[in-house]
Amino acid sequence: MSRIIIKNIPRYYDKEKLSTYLKSLPQLDAEITDVSVAKTKEGVSRRFAFIGFKNEEDADKAIRYLNKSYVETSRIEVHRALDYRSANEKLRPYSKYASKNIELKLQKKEKEEELRNLEEEKAKKKKDANLKRKFLDTLDPKAREFLKLSSSISNSRSWENEEVFDTEITNPVIPADEDDDEYQDLPAAKRHEGDSIKSTEHDSTLDSGVVIDGREKSSSELHEEESEQAAEGDTAKNSGTDAQAPLSDDEWLRLHRTRIKEKQPEEEVSVVGDELKSFDKENNDEHLERVTNDKIADASMLQKAENNVSEQERNIQLISETKRLFLRNLTYSCAEDDLKSLFGPFGQLEQVHMPIDKKTNNPKGFAYIDFHDADDAVRAYLELDAKPFQGRLLHVLPAKARSSILLDDYALSKLPLKKQRELKRKNTAASSTFSWNSLYMNADAVVTSLASRLGVKKTDILDPTSSDSAVKQALTETHVIQETKNFFEEHGVDLDAFKNAARSDNVLLVKNFPYGTSAEELTSLFSPFGELGRILIPPAGTIAIIEFLNAPDCRQAFSKLAYTRIKSSILYLEKAPRDVFTTSFKQSGKPELAQKVNAVEATTSEKVGTEDIESLDTATIYVKNLNFSTKQEEFQKVFKPLEGYLSAVIRAKPDPKRPGKYLSMGFGFVEFKDKASAVAAMHAMNGFVLDGHKLEIKLSHQGVDAAAEVRKQDSSKPKGTKILIKNLPFEATKKDVQSLLGAYGQLRSVRVPKKFDRSARGFAFAEFVTAREAANAMRALKNTHLLGRHLVLQYASNATMDDMQHAIEKMAKEANAEAAAPSITGKRLIETD
């Protein structure tokens, strides 16, 4: 866990102030990747913070140093932060600021939504009632009476309508001059009868649900009518008049009022006859609509429950389809190798793409991971989402599939066969694992280069009428390759790295371009894809090494320029071996060009062979007793001010516990321009204290030690004067082998085993007079091609040659015996006789 939590910090400490405080601590020398101070919704500090570090060692160091220390007057507590998922599963809310359970939040949200729907429904009903009232106010009495008489029989009982109609029409009035005592009980009975009639009218109206515009009268309207009639009855009783008085126009209107539909134009009110036809249908459909709405609501709830798939399941489904992950919240110092080491254990990776900001040349904080298998991508998502990585919580999401511009099979079939092969080869170039010989060169460019520097024609070097043209071509290539090796070594290229299978993401080997191609032309060809570092072109001008500052730019250039035409040739691109440069590139704003065109010179190996390696002066000092925590930048910073300083490096070894990481070995080397500067630096810096360690410095004998190591390794091998040449072309003759190897020493014997048809078997043996001559031939011809085949040379022991000879003799005897024996049919005939 590279993330820690600091509790009880001062309340007024924010992110900037806490970062400044941590960076000001000299003992806390570590890269801080994230600082997060917890706050409430109101912006008040909760007095704890999360701090992220680049690795776990720095986090442990910070815990040991900061725990139970004081930040101003507050004593802080520091320990490892819990994992995001573990914190949500194990911890319960302990303060009013803590988040509540997700289920409670969902329940609360559903209740609020139900209340909001009820309020909206009430408001709508109220609005409909107001619209109905306004509609009735616009009708004249005859229209209202017509609507009353034209109401559907199914919505009201006919006898009730008659009773109401009779009651409304015949309203007997008691004479005022009659004696009240004679009719003492009659008016009361009539009043009760009238009241009962009115009550029956109201009940029938309520039961029948008279519909004028497709809606029933609401209970509130009926209650309002009853209240008005009761008030009128009381008034009549108090005034001494009979309660069965005729209804006024307003009273009759209120009894028959209705509501219009929402958004119904007022000009359509007069067209009453057409609307009456749809009253019954609308009234009957209202109940059906309510039932249907209930069923739809139940179905929607069921559908909602079925579609209630969690976000994680949706992400897993998308990842299974695309096999691609999107990462965010990465540190700006994160590299693609860090992501490869993190996601590599889950399965085979197709691509790791981290976009780079062109202005700052730093990552943008997000990346894409392509897996070969969808199950591996899903497993990586489940394991690493919300997990700390370099001090930050890694956020993993499904990514969209990469856009492909490949043509389908039908479109490809319409193209010529040559064009089809070119497109397929170009599209598979980036993912292809095939590679040529690392120092492969165009044969025509090799001969043209040598002829140009010698000032002769190519026909003078390769005579078409000569039988040894292939040997001359091989010797020319050998010379150019040896010259190229020396040039690369002078410019900080580690030739031993070409033996490694791991490939670099930002360095390309550019091959097969014509002779005469300049560094400026290659720069203009590759620079549009990104910022370039070093560009190395050897004197022969047949191969180049181009370094990009950013890996994404290098990948883009590789995919766009592979197998493209350059002048009269096809450009071959190959990823260079990892760590091909011994020193890192110092960015200076423009690419560093290294191009050298010289006359033909003797190779360095030939010069060194005639000199004693121990007589060479050294300009390198050996520094030991370094602190294991001392970084490369600090080590270089100490020696950089010295006169004649060139470079400084701390030796490191791979960390077995952390793939992709390195551990300091406690010593290093500093290189100067000359021996005098190295001696002066040794006397000046010997005993200097760096990170608490006293440095011990002396002159380095690295060159002598390297030569001794080479001699030791060579002595452990079965050395001798005999060489075995493998992968020999079948067209090669004994004379070709003699001409090729004779250029490096005096040959004692050459033997090319042949088949029964007198053709070569694909290998040969050569014996030199001295072991030095054999070693020179081995070293020079290691990357040579003869008739298009890469020669493989190794020392041949006597046992190897004896075994080969014994195998050849055995095969010859078997062949002779088979030729002398009779046929199988003949044997069977003799035996039967």
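Positions of Cβ are set from backbone N, Cα and C atoms, glycine also.
If you check Swiss-Prot, you get these features:
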- 2-83: domain 'RRM 1' (DOMAIN)
- 160-251: region 'Disordered' (REGION)
- 188-205: compositional bias 'Basic and acidic residues' (COMPBIAS)
- 213-222: compositional bias 'Basic and acidic residues' (COMPBIAS)
- 323-401: domain 'RRM 2' (DOMAIN)
- 506-578: domain 'RRM 3' (DOMAIN)
- 619-702: domain 'RRM 4' (DOMAIN)
- 721-798: domain 'RRM 5' (DOMAIN)
Considering the domain 'RRM 2' (323-401), which listed stretch of 2-83, 619-702, 721-798 counts the most C-beta pairs under 8 Å: 2-83
Arithmetic mean of per-residue pLDDT over the domain 'RRM 3' (506-578): 87
Helix, strand and coil counts within the domain 'RRM 2' (323-401) (DSSP): 22 helix, 26 strand, 31 coil
The domain 'RRM 5' (721-798): DSSP-derived helix, strand, coil residue counts: 20 helix, 25 strand, 33 coil
Within the domain 'RRM 1' (2-83), residues counted as helix, strand or coil by DSSP: 20 helix, 30 strand, 32 coil
